[in-house]
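Taken from Swiss-Prot, the feature ATP binding site applies to 20, 21, 22, 169, 170, 171, 217, 218, 219, 220, 299, 300, 301, 302.
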């Protein structure tokens, strides 16, 4: 215990956004020090037993869909929570070590991890135990919408109601925040991954071709749009896939309209969650939100025109936060500082 405390003196306090698609780590006075895909490549023996970790993060993501039989590239997080405990722990261990690469001692940091608002107690305990197993000496949990709101510079400590929509890789969190607490929250298991899956299904159905996750993600980023207005440029992209009928590679052209048609269902799920939040929040908070608007955070906020879609469907102004991808990790870092100043009970529902 004493040795762990001594190691702690040589470790940074970390805010970790442990996401389905990416893991970000924020360090006080240094900012975002790590932004890596939440992917681990593992070596297996002939019966499928784990032998060793082959790669983590960017290097492992490059292996998705390209590995030999002896190596499997997996995502240990699903829908914002742990799907593979052992691999998540190894991934966290690797990332924490990366952040402390100059240290001569094994790191033992104080860690704050951001969790989905809809995570169960069992899922929260798994995240906490995984962080401790990865070397953390002390672990705090904070709900992602609260961290996102702090990172987006919303006035979370005042009585004014602030609404945040955090669209991550696995989940979309919709929350109303006031007086350092979440007064309304809902979490739908729809995010960037669902958009990618919808594009893969659409290509298979419409063009009879198979594409992988990395290609679907590239399509979404390059020509994807949540709403097409009159006068908008219709982007096109040549896509290479594997034709099912011919059993050979084939190229075809996709447009922004195709992508919009493909992702319509997950978009409808996010719109429905936002409408429900506006219907169910307290009248005074609703008035604040209609006056001040809703704030979009997370990687999903980068999907072209998603702010326009949500504004048109809800009748409320929508603002995309500055640097939406890092809002949760940065907000978690600020939350750690608030805990130091006011104690762990400042976010009584989360910590």
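Just so you know, the numbers here start at 1 and follow the chain as drawn.
Cβ from N, Cα, C; glycine included.
Feature annotations (Swiss-Prot) mapped to structure.
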residue : record           : DSSP class
20      : ATP binding site : coil
170     : ATP binding site : coil
217     : ATP binding site : helix
299     : ATP binding site : helix
Which of 170, 299, the listed binding-site residues, has fewest other Cβ atoms within 10 Å: 299
Other C-beta atoms that fall within 10 angstroms of the C-beta of residue 301 (ATP binding site): 24
Residue, out of the binding-site residues 22, 217, whose Cβ gathers the largest set of other Cβ atoms within 10 Å: 22
Count of other CB atoms lying within 10 Å of the CB belonging to residue 20 (ATP binding site): 24
